[in-house]
Amino acid sequence: MVTSLIVRLVAWSVRRPVWVVVLSLLIAAFSGVYVARHFKINTDISKLVDAEPQWAALSQAVDRAFPQRNGTILAVVEAPAPEFATAAAHALTESLQKQAAAGRIGPVAEPGGGPFFEHNGLLFLSPQQVADTTSQLASARPLVNELAKNPSLTGLATTLSTTLGQPLLTGQVKLPSMAKLLSRSAATVDDVLAGKPAAFSWRALVDNDAARQPARAFVTVQPVVNYGALKAGAQTSDVIRETARALDLEKRYGAVVRLTGEQPLADDEFSSVEDGAALNGVVTLLVVFVILWLALRSKRMIASVLVTLFVGLVVTAALGLAMVGSLNMISVAFMVLFVGLGVDFSIQYGVKYREERFRDERIDHALIGAAHSMGMPLALATTAVAASFFSFIPTAYRGVSELGLIAGVGMFVALLTTLTLLPALLRLFAPPGESKTPGFPWLAPVDDYLDRHRKPILIGTLAVVIGALPLLAFLHFDFNPLHLKDPHSESMSTLLALKDSPEAAVNDVTLLAPSLADADAAAKRLDALPEVGRTTTLSTFIPADQPEKRAAIATAASTLLPALTQPPAPPATDAQRVAALKRASDLLGYAAEDHPGPGAAAAQHLSQSLAKLAAADSATRDRAERAFADTLRIALNQLAALLQPQEITRDTLPPPLVRDWVAPDGKALVQISPKVPKGVDPNDDTMLRHFATAVKAAEPGAIGGPISILHSANTIISAFLHAALWSIISITILLWITLRRFGDVLRTLVPLLVSGIVTLEMCVVLGMSLNFANIIALPLMLGVGVAFKVYFVMAWRAGQTGLLHSSLTHAVLFSAATTATAFGSLWLSHHPGTSSMGKLLALALTCTLIGAVVFQPVLMGKPRVKRAKNQSQGINE
């Protein structure tokens, strides 16, 4: 009945080709207008997975209470010295706050910086650390006084000369204790002389953490997002970069601003997908043209196939938008699917038409004969493929669910256009007749070999596949989405550089507590877990033992503030600067000779460097002035601020800081960071899994970070398992209804399952992990695999033998080559996730093709009935 309907449909199209073509083009035109007016793509990746109500409620509660924390952009200010990094971050923050007031961007903050931390930083040390620090500062009063009196290159050279005089001779100062100062000074002068970015950090002399290069400071910006654009946060990122350029931070401080955070990571991900897409698309199209030529051997046939594909694709796009409203970053892949499988249908019909045309020159008869031969296989393949795609609709993975809906409908569109528009176009274009039947006659000996050794090959294949099943225990799912991002993109490279920095907070999880008291209690419980490295609440910003600390700071301030606030000396002339540098160079040389041992080499090095600086031009000395004196002035101002702390209470905390940790309704946030053992990668999957499990067990309300990622991974894996189960059940029922023989159903499904199992086994052998991106390849290959298996089992049921060198294999191989080109081009993508999907698609397609072309004929054996004589020509029985 189905075959009869298809033959009548094709016959009707062949008799009225002009009407069919005109009607198809009109439908395509209307569909194109609809797509142009309604095309939308939602780039919000948080909407790709439908969370369970409980999980969604936890996440939404945090987002409602602290909306300013969602999708933040972290601007990382890098400079040669921490003094410059801090100053550049201050300047950037002040300027961006004006942009925020104008509504161009969201709220701006400076985590760990700003007036609050500048004045109260010492209060966050322990009482003993405060006592030691203030004692050292007080004993350094003479040096501080000299530096503050003349904070210039001349003043520094003079102070160094003074220190190398009487204090060194009397033993008050020892050369080894000056080694760090001298060696770092020499390195900075050398950078100045070499024309490199240079800055001398005074903080780094007493703080080893400040000596890390490059020095960093941070600014957070809440982006204004547009999920209708490919890069939703691009506007805010552009404002930040424009502001940094306008401030000339690189010239003033040697500072560079790099952006990372949730939104820049998403934006750069889409950029990496887009990068090279045009070139890959052109190359792919050219390769597809070549494959179509090899398969069809006719320009007119190729033109007919391409027009059919275009019409079907536009109609599918219109139907897809009508069904789902807007595409997402996964469902947009329906285009690749449609091209891959749409070409398959067209090639199957086209190759069969060529075979029929070889036997009968009459084009009408050949077109109808091809429909009679391929109508039922195409209809069954279409329905089976659509069923496999529709199996994803009930799952919680919305991205793939919508892809399954659109792709499934698209299969029926592809079938309809293949059986109407394609025959009509071929009738109008009237390709020339065929001189030989399609196929691979040179593969006939292989067919004979497989037929003679069927049982050993079958048993050996199944033994290898079953024997390798234990490998599946080592199949790894990489749940970390950061591994799917381009490590060379600005946002990802910056994040990797920050992997040991608490400001990145990539792997932190959060807990929303009813009050600050509850948050503090939860933090105390979580601190006891060995997997937890640090917890933070608003109370973290209210230091303990403040009276004791403030008293120690006040004692130091009484001696140091008068020196720090004295008016500086007037600027020296360049001649005075040269004289001071020469004197310091000479004294350093004498000190190195008179005090051999530790520190002498550094003194000699600096002596030579200062001599070169004195002999250089004034512009070089001006750069040295900025490298030493500018950072000194900033450091002295920071020291003066640190010596003037305020009492910190809940009421005196800055309102923006309070708002980041306590909501207006009193709910409070706990931020929990993992404990990273020494030598372990902060993004290690096993460590993060243990951390997430421990925190979730202790506090079921915890959400975010690895907890949310693991939940999403479990949801996606569950979605694919359920979809695979429903797909197999639906395909089995469909095959049973159509084939009416349980053995024939197994002859279709067993090669499909074997191909899938071998694909996963090869993933283990080749070290390929499954991830959020490439797992999508499995249902795609399920659809392609079902189609191939159906073609072969239907040909076998019709009595066809010698399948390997038949026109069917000719069509399947070139169809697979086209699909491989469409899918395999993803392998060349700059985006690691897309590239991994291309790799898995290539592997899965290879396994599927071998399963269909080689294993399935061996499994089926000789057909039950001989092929009808009128269909046997051109086929080696």
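Keep in mind that glycine also has a Cβ here, set from the backbone N, Cα and C atoms.
A quick note: this is a predicted structure, and the numbers were derived from the prediction, not measured.
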Shared topological domain relative to the membrane, VAL14 and LYS696, Swiss-Prot: no
Annotated transmembrane segment segment (source Swiss-Prot; candidates 72-89, 504-521, 810-827): 810-827
Range from 280-295, 333-351, 374-394, 453-472, 810-827 with the greatest count of C-beta pairs under 8 A to the transmembrane segment (775-794): 374-394
Reported mean pLDDT - the topological domain 'Cytoplasmic' (740-743): 84
Recorded stretches the transmembrane segment (744-766) and the transmembrane segment (280-295) touching, at least 3 CB pairs under 8 Å: no
Stretch of maximal Cβ-Cβ contact with the transmembrane segment (400-426) [cut-off: under 8 Å; candidates 280-295, 300-323, 453-472]: 300-323
For the topological domain 'Cytoplasmic' (740-743), distant same-chain residues with Cβ under 8 A (at least six beyond the ends): none
Outside the topological domain 'Cytoplasmic' (296-299), six or more residues from its ends: residues with CB under 8 Å to it: 305, 347, 350-351, 354, 431-432
Long-range neighbours of the topological domain 'Cytoplasmic' (1-16), counting only residues six or more past its ends (CB under 8 A): 364, 367-368, 370-372, 375-376, 378-379, 419-421, 423-424, 427
